[in-house]
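Structure first, commentary second.
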Amino acid sequence: MISDAQKAANAAGAIATGLLSLIIPVPLTTVQWANKHYYLPKESSYTPGRWETLPFQVGIMNCMGNDLIRTVNLIKSARVGYTKMLLGVEAYFIEHKSRNSLLFQPTDSAAEDFMKSHVEPTIRDVPAMLELAPWFGRKHRDNTLTLKRFSSGVGFWCLGGAAAKNYREKSVDVVCYDELSSFEPDVEKEGSPTLLGDKRIEGSVWPKSIRGSTPKIKGSCQIEKAANESAHFMRFYVPCPHCGEEQYLKFGDDASPFGLKWEKNKPESVFYLCEHHGCVIHQSELDQSNGRWICENTGMWTRDGLMFFSARGDEIPPPRSITFHIWTAYSPFTTWVQIVYDWLDALKDPNGLKTFVNTTLGETWEEAVGEKLDHQVLMDKVVRYTAAVPARVVYLTAGIDSQRNRFEMYVWGWAPGEEAFLVDKIIIMGRPDEEETLLRVDAAINKKYRHADGTEMTISRVCWDIGGIDGEIVYQRSKKHGVFRVLPVKGASVYGKPVITMPKTRNQRGVYLCEVGTDTAKEILYARMKADPTPVDEATSYAIRFPDDPEIFSQTEAQQLVAEELVEKWEKGKMRLLWDNKKRRNEALDCLVYAYAALRVSVQRWQLDLAVLAKSREEETTRPTLKELAAKLSGGVNGYSR
């Protein structure tokens, strides 16, 4: 006979068993989950076994798994563990968050290889994943080279990105692009891979787009394009072990007072020279555990990808989109000595140098000196506008070039994908310090333009060059029109400078004096001007178009836009690449640079998203008027009176 105590014990056990199904797992961050559950398979890992997240990987992985961040871009070199990070994040989404995922490789064959050599061994070696894969190791409809369907109902697809059909029908929560720079920029003439792929997550409650790649050619690189769409470009800053000052690691060169240095013909002597106080840092001394990711555009920073802070240290919400850059010098999987050997080998061959820049530095390769661009290339881009502002344009910026006897202003319209349309050219003759001249500049800044949809547009942001005149003139006009609308700028002809750097605070004159990286901007814009023309009715990212109006654009303006060429010059005993106008007039080019800088600062500082703005504008123009709504209620033709 069962005693009352035993009955009670049996009942308690039964209740406990029944309640197990109601237990909700404690939520884990991506890094917490990976450190607890993730294992590296021996087939594709230098160090198989339990995963341990590296300091620089923490922020990246947690951002990838952060539901409040929609888009994560990673510009990377080789040997930083990106593929393993991506697999760990995918496993986290599948097992911990029960999210459907779609991962794109550049081709179908690459996708199959990835599934066989990376995904399947990961499922086998990660117990939490294997538990969800009862079909593992045998033929099953849920176990194919394109789809893994887990017992939880969650699906993981791995497809090639070269066929447009692979971007259709799937509805997922997470879409990833591995080696995005190897994708075709236009998938079977249906659009960019990220544009097509990100359509698959639009219905998700927590949509996530992860893009990662070693970069390729500057100006045409897919990961560079993706990164430029984000307002936040993060670099990993680590403290100097001697002076404590933070800095992100740079390769440097012979002329740089920082970066990797070594004795001639002795790669083993390599050390890092601190850019703040010239401290000598050896690789074994560098402690990355106190590093933090800092945005070079906004000053925003994070240590862990979970909590974000402003440059002043105030906690702020996570960004909608974020870009990271990481390169080989941070990796424990190689040595600085090997980086030097790779560099010396690369110097022997131009192709090797390109490979070094892409795969070791994680930077885009800038095509060097080329022939001067023929202005006829731009004349071939002349198209007929249906209005002063073409239909696809959603944002206007202007650049003003200051001369001693005039101001020249060019107005540019921008469409999604940074498609550019020249809208207007205004030359204001007169002394720059005379009020009458400046009043005409005021009128030009406030001029209204008729859009193809019938509405009026004004210039949203202006970059006004202070070179050649008293800067106070521009400062006063900036305050008159709004210190955020009219930005005084000065050029910085130094390679590697951002297109525009806006200070966090006003200067002593009460305005934001911005620095424009003219060489960087010209590199970008010349690459776009060289591109083959496309039909005006075909939206083309980065295309540059000119109006069929000789008052605005003629051979004169075309010649000014191509006035400069990239030349090699010896400076201080070192060969440098410089933009040289050969004393040709180049005002149109300068104004385009400033107008483009105005666009870029709008993206970086005010999170301008041309695609979102276009969608908003489309919804606004298609919304029925009160008159049309009244007609619909009264039974007009097709709901509206005509």
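Quick reminder: no glycine exception, Cβ is built from N, Cα and C everywhere.
The region 'Interaction with the terminase small subunit' annotation in Swiss-Prot covers 1-48. Look at Swiss-Prot and you will find 76-83 tagged as motif 'Walker A motif', backed by sequence analysis. What Swiss-Prot records for 166-353 is region 'DNA packaging/ATPase', and it gives sequence analysis as the kind of evidence. What Swiss-Prot lists as Mg(2+) binding site is ASP401, and the listing cites sequence analysis. Annotation source Swiss-Prot lists ATP binding site at GLY491, ALA492, SER493, VAL494, TYR495, GLY496, LYS497, PRO498, citing sequence analysis. Taken from Swiss-Prot, the feature region 'Leucine zipper' covers 589-617.
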Roughly how many Å lie between the Cα atoms of ALA492 (ATP binding site) and ASP401 (Mg(2+) binding site), rounded to a whole value?
15
Tell me the Cβ contacts of LYS497 (ATP binding site) under 8 Å, same chain only and six or more apart in sequence, or just say none.
GLU515, GLY517, ASP519, THR520
Round to the nearest Å and give the CA-to-CA distance linking SER493 (ATP binding site) with ASP401 (Mg(2+) binding site).
16
What Cα-Cα separation, expressed in whole Å, is found between ASP401 (Mg(2+) binding site) and PRO498 (ATP binding site)?
20
Please work out the mean pLDDT for the residues of the region 'Interaction with the terminase small subunit' (1-48).
73
Counting only residues 6+ apart in the same chain, whose Cβ is under 8 Å from the Cβ of PRO498 (ATP binding site)?
GLU296, ASN297, GLY517, THR520, ARG600
Would you identify the secondary structure of GLY491 (ATP binding site) according to DSSP, in three states?
strand
